[in-house]
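Asks: Sharing the features that TrEMBL gives for it:
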SIGNAL    1-19  signal peptide
DOMAIN    18-212  domain 'GH16'
ACT_SITE  Glu98  active site, nucleophile
ACT_SITE  Glu102  active site, proton donor
CARBOHYD  Asn106  N-linked glycosylation site
REGION    225-253  region 'Disordered'
Amino acid sequence: MLLVYLLATSTYLIVVVSSATSNFYRDFDITWGDGRAKILNNGQLLTLTLDKTSGSGFQSKNQYLFGKIDMQLKLVPGNSAGTVTAYYLSSQGPTHDEIDFEFLGNLSGDPYILHTNVFSQGKGSREQQFYLWFDPTADFHTYSILWNPQRIIFSVDGIPIREFKNLESMGVPFPKNQPMRIYSSLWNADNWATRGGLVKIDWTQAPFTASYRKFNADNACVVSSSSSSSSGGGTSSCSLNSKPTSSSSSTNNNVWLSQELDSRNQRRMKWVKKRYMIYNYCKDRKRFPQGLPPECAY
C-alpha cells in the first residue's frame with residue numbers, strides 16, 4: 001500500500017511517502033565500486049566491499065527534505081582498522097547540509113567508534129563520538145535519523161544518542177532548505193580513521209564487507225522539482241499542518257514532523273552520553289579558545 005501526503009510547496013513538490021516494504025533495487029543506485037557493491041535477495045540486502053583497489057558506495061534515488069529514516073547495518077568484522085563505513089544524508093555544493101553517521105574501524109577486539117556530525121550551509125566541526133554497547137559486526141542493528149524543522153535526533157536501536165536542535169534564533173544555521181540524498185560508502189581512510197592514522201589497513205584481511213537491510217523511509221518528505229526555477233531553488237519545507245490525502249483516518253504518519261524527546265528518551269540519551277560518549281566538540285575548549293559554539297549552551 002502506498003500512502004501519499006501532499007505538503008507545502010514552493011520550488012519543490014514535497015510528498016510524504018509511506019510504502020509497505022523497501023527494496024534496494026527500487027530505492028537506491030549503486031554509484032561506484034566497479035562491481036564491489038551488490039544488491040541481493042531480490043532487493044532485500046545490499047553489501048559494500050572494500051579491497052586494495054577500491055571501495056564502493058550507493059545513494060538514494062530520492063531526495064528528502066525532513067524525514068525519519070532507518071537502516072539496519074552489519075559492519076565489517078574482525079580487523080577493520082583503517083576502514084570507514086559512512087551512512088549519511090547530504091546535499092551538494094560548497095554550502096551543503098549533511099547529517100553523518102560514520103563507523104571507524106578498529107583492530108580485532110577493540111571497539112568501533114561511531115562518529116556523528118552535522119553540517120549546515122557548508123559548516124561542520126560538530127563532531128560527537130561514541131562507543132557502542134554491543135558488537136556491531138555480529139548482527140544487524142538499526143541506525144536512525146529523525147530530521148524535522150525543530151531538531152535532528154540520532155538513534156541506535158531506538159535509543160537516542162544525540163540531539164541537534166534548531167537554534168537559528170541564536171544565529172546557528174540549521175539544515176532546513178536543501179533536499180538531501182542518502183549516501184553510504186565503505187572506503188580506505190587509514191590516513192586518519194584508526195588512532196589518528198597510526199594503524200593502517202591489513203590488506204591480508206581483505207576483502208572487507210558491510211551489509212545493509214530493512215531501509216525504512218516510510219515517514220519522509222520526498223522532494224521532486226515541480227518546475228524549473230529561475231531562482232535556482234528557493235526554500236521549501238514540510239507543512240506541520242499538512243493533512244493526508246488518504247481517506248484512512250487511522251494513519252498518523254506525520255507525527256514525526258513535530259516529534260521531540262520525551263522524558264524517558266532524554267534519560268536514555270543521558271545514559272548513552274555518560275557511559276559511551278568519548279568525544280564532544282562542546283567540551284573541547286582547546287579547539288575553540290575563543291569560546292565554544294553557541295549551540296553548546298543548550
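Keep in mind that glycine also has a Cβ here, set from the backbone N, Cα and C atoms.
Predicted, not measured: the structure shown is a model, and the values here were computed from it.
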Asks: Name, in the order they occur in the sequence, the residues of the same chain whose CB lies under 8 A from the CB of Glu102 (active site, proton donor) and which sit 6 or more residues away.
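Replies: Set apart from Glu102 (active site, proton donor) by at least 6 residues yet with Cβ under 8 Å, we have Val84, Thr85, Ala86, Tyr87, Tyr88, Leu114, His115, Thr116, Asn117.
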Asks: Run through the Cβ atoms and count how many others sit within 10 Å of the one on Asn106 (N-linked glycosylation site).
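Replies: The Cβ of Asn106 (N-linked glycosylation site) has 21 Cβ neighbours within 10 Å.
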Asks: Let's check the environment of Glu98 (active site, nucleophile): how many other CB atoms sit within 10 Å of its CB?
Replies: 18
Asks: For Asn106 (N-linked glycosylation site) and Glu98 (active site, nucleophile), what Cα-Cα distance in Å is obtained after rounding to a whole number?
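Replies: Taking the Cα atoms only, Asn106 (N-linked glycosylation site) lies 25 Å from Glu98 (active site, nucleophile).
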Asks: If you average per-residue pLDDT over the domain 'GH16' (18-212), what number do you get?
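Replies: Here the mean pLDDT over the domain 'GH16' (18-212) amounts to 95.
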